[in-house]
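Visitor: Attaching a single structure in structure tokens format; questions to follow.
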Amino acid sequence: MGMSEPRAKASPFLNTLDGFAQPTPPLWMMRQAGRYLPEYREVRAKAGDFLTLCYNPEMAAEVTLQPIRRFGFDAAIIFSDILVVPHALGVDVRFEAGEGPRLETITTRDRIDNLRQLLDPAKVQPVYEAITRVAGELPDETALIGFCGAPWTVATYMVAGRGTDDQGPARMMALKDPDLFDALMDRLVEASIRHLGAQIDAGADAVQIFDTWAGVLDPEMFERWCIRPLRQIVNGLRQTHRNARIIAFPRGATLEALEQIADLKLNGIGIDWTVDRKAAKARLGDKVAIQGNLDPLRLIAGGPQLEEQILNIRRDFEGIPHIMNLGHGIKPETPIAHVEKLVEKAREKL
Ligand code: CP3
């Protein structure tokens with residue numbers, strides 16, 4: 001883990017990433033700015049289009065801050081999307097209302113070679129500007145997280161042109177023409193290093209790499225399309241930003257795979273709700289901070305099982321650096337009262 005002393009700014013979240021277990025775990029939620037919040041829906045309606053909201057620094061900063069004001073989370077995550085990177089590489093990206101993302105499909109040598117060399121400033125500058133605004137408004141102890149999608153996950157959308165059930169199109173391309181797929185991955189690795197570095201320069205205290213579809217890869221493909229690009233990003237980013245705090249979230253990864261990722265010397269690993277916590281503690285707990293892993297459905301269901309599970313998670317990770325979070329993004333139908341319960345139970349004395 002990165003540093004030898006807790007930073008001067010007393011941030012429980014950053015101190016945890018630096019390897020120091022906290023008396024109560026710092027807390028944030030993946031997708032914490034979003035449709036379960038009425039104040040988000042209001043700004044979203046004003047913006048009209050989802051990408052318009054992403055590219056408006058003032059509105060993006062506002063929705064980033066909304067969950068911090070309401071719940072006092074220990075970290076804010078900049079409001080943006082993982083598909084901003086392909087968009088900034090020159091790929092046509094749209095969000096159809098109620099249907100999810102639609103992209104121009106990128107499957108030929110020609111199209112891969114013709115992706116932009118540099119990220120289009122018109123797409124990425126508003127993100128960096130939003131980060132600088134948020135950094136200036138957050139309480140001192142609240143950290144700001146920048147992010148990108150992992151190359152594999154971003155590639156699944158670029159190859160299929162949309163979300164798919166099993167990421168079949170990208171897996172098939174990787175199997176049939178691994179060299180061509182590598183060319184696409186190389187471009188995404190480079191773009192990710194630049195995008196994460198620029199977010200840190202703009203004021204992000206830590207970055208998270210979302211590998212939402214890591215879990216569909218067999219062990220051989222996992223090594224080549226998840227571990228290797230992640231290693232390249234970590235090494236590349238640390239060349240320009242030596243003390244960068246990096247969290248990886250390889251959703252669906254096995255314990256063996258999680259252990260390989262922990263050995264890349266990043267600061268944190270997000271685990272989903274299917275991961276056995278005691279095994280995770282034993283195998284990862286002395287290498288990285290563990291982030292997670294409440295099932296988002298438990299947060300919707302509420303009641304006694306929710307309170308019990310929050311306490312189970314806290315007890316299982318007691319004594320090691322742990323960040324309380326969900327095992328994947330919060331869903332729009334989640335009752336706000338249940339989020340309030342999470343905040344209360346995450347912070348009460350055991
Ligand atoms: O966590 C946060 O609050 C920060 C913002 C954030 C968004 N997307 C906003 C968003 C983050 C970190 C993401 C990451 C993201 N985007 C991932 C990886 C993490 C994950 O949840 O799996 C992926 C795969 C995407 C791509 C994406 N963006 C999809 C598939 C969709 C449509 C599905 C959906 O949830 O609506 C989006 C849209 C999106 N990104 C929304 C938000 C708040 C909803 C759009 C809206 O408000 O209409």
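Quick reminder: no glycine exception, Cβ is built from N, Cα and C everywhere.
What TrEMBL records for 26-35, 145-161 is domain 'Uroporphyrinogen decarboxylase (URO-D)'. The substrate binding site annotation in TrEMBL covers Arg31, Gln32, Ala33, Gly34, Arg35, Asp81, Tyr157, Thr212, His328. Among the features that TrEMBL reports, site 'Transition state stabilizer' is placed at Asp81.
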Visitor: If one measures from the C-alpha of Ala33 (substrate binding site) to the C-alpha of Asp81 (site 'Transition state stabilizer'), what distance in angstrom results, rounded to a whole number?
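Guide: About 12 Å separates the two Cα atoms.
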Visitor: Does Tyr157 (substrate binding site) have same-chain partners at least 6 apart in sequence with Cβ under 8 Å from its own Cβ, and which are they?
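Guide: Listed in sequence order, they are Leu83, Pro86, Pro101, Leu103, Gly163.
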Visitor: Do me a favour and check the Cα-Cα span between Arg31 (substrate binding site) and Asp81 (site 'Transition state stabilizer'); whole Å is fine.
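Guide: Rounded to a whole number, the Cα-Cα distance is 10 Å.
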Visitor: State the Cα to Cα distance, in Å, between His328 (substrate binding site) and Asp81 (site 'Transition state stabilizer'), rounded to an integer.
Guide: 15
Visitor: Counting Cβ atoms within 10 Å across all protein chains shown, which of the binding-site residues Arg31, Arg35, His328 comes out on top?
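Guide: Within the set of binding-site residues, the most crowded position is His328.
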Visitor: Rounded to the nearest angstrom, how far is the Cα of Asp81 (site 'Transition state stabilizer') from the Cα of Arg35 (substrate binding site)?
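Guide: Between the Cα atoms of Arg35 (substrate binding site) and Asp81 (site 'Transition state stabilizer'), the distance comes to 14 Å.
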Visitor: Please report the three-state DSSP label of Tyr157 (substrate binding site).
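Guide: SS state of Tyr157 (substrate binding site) = helix.
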Visitor: Across the whole of the domain 'Uroporphyrinogen decarboxylase (URO-D)' (145-161), what does the mean pLDDT come to? Round it, please.
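Guide: So the average pLDDT across the domain 'Uroporphyrinogen decarboxylase (URO-D)' (145-161) works out to 98.
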Visitor: As a test of the contact definition, list every same-chain residue at least 6 positions from Asp81 (site 'Transition state stabilizer') whose Cβ is closer than 8 Å to its Cβ.
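Guide: For Asp81 (site 'Transition state stabilizer'), the qualifying residues are Phe50, Leu51, Cys54.
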Visitor: Counting every protein chain present, what is the number of Cβ atoms, excluding its own, within 10 Å of the Cβ of Ala33 (substrate binding site)?
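Guide: Excluding its own Cβ, Ala33 (substrate binding site) sees 26 Cβ atoms within 10 Å.
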Visitor: Would you mind pulling the longest C-alpha to C-alpha span across Arg31, Gln32, Ala33, Gly34, Arg35, Asp81, Tyr157, Thr212, His328, which the record has binding substrate, in angstrom?
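Guide: Result: 22 Å between the two most distant Cα atoms.
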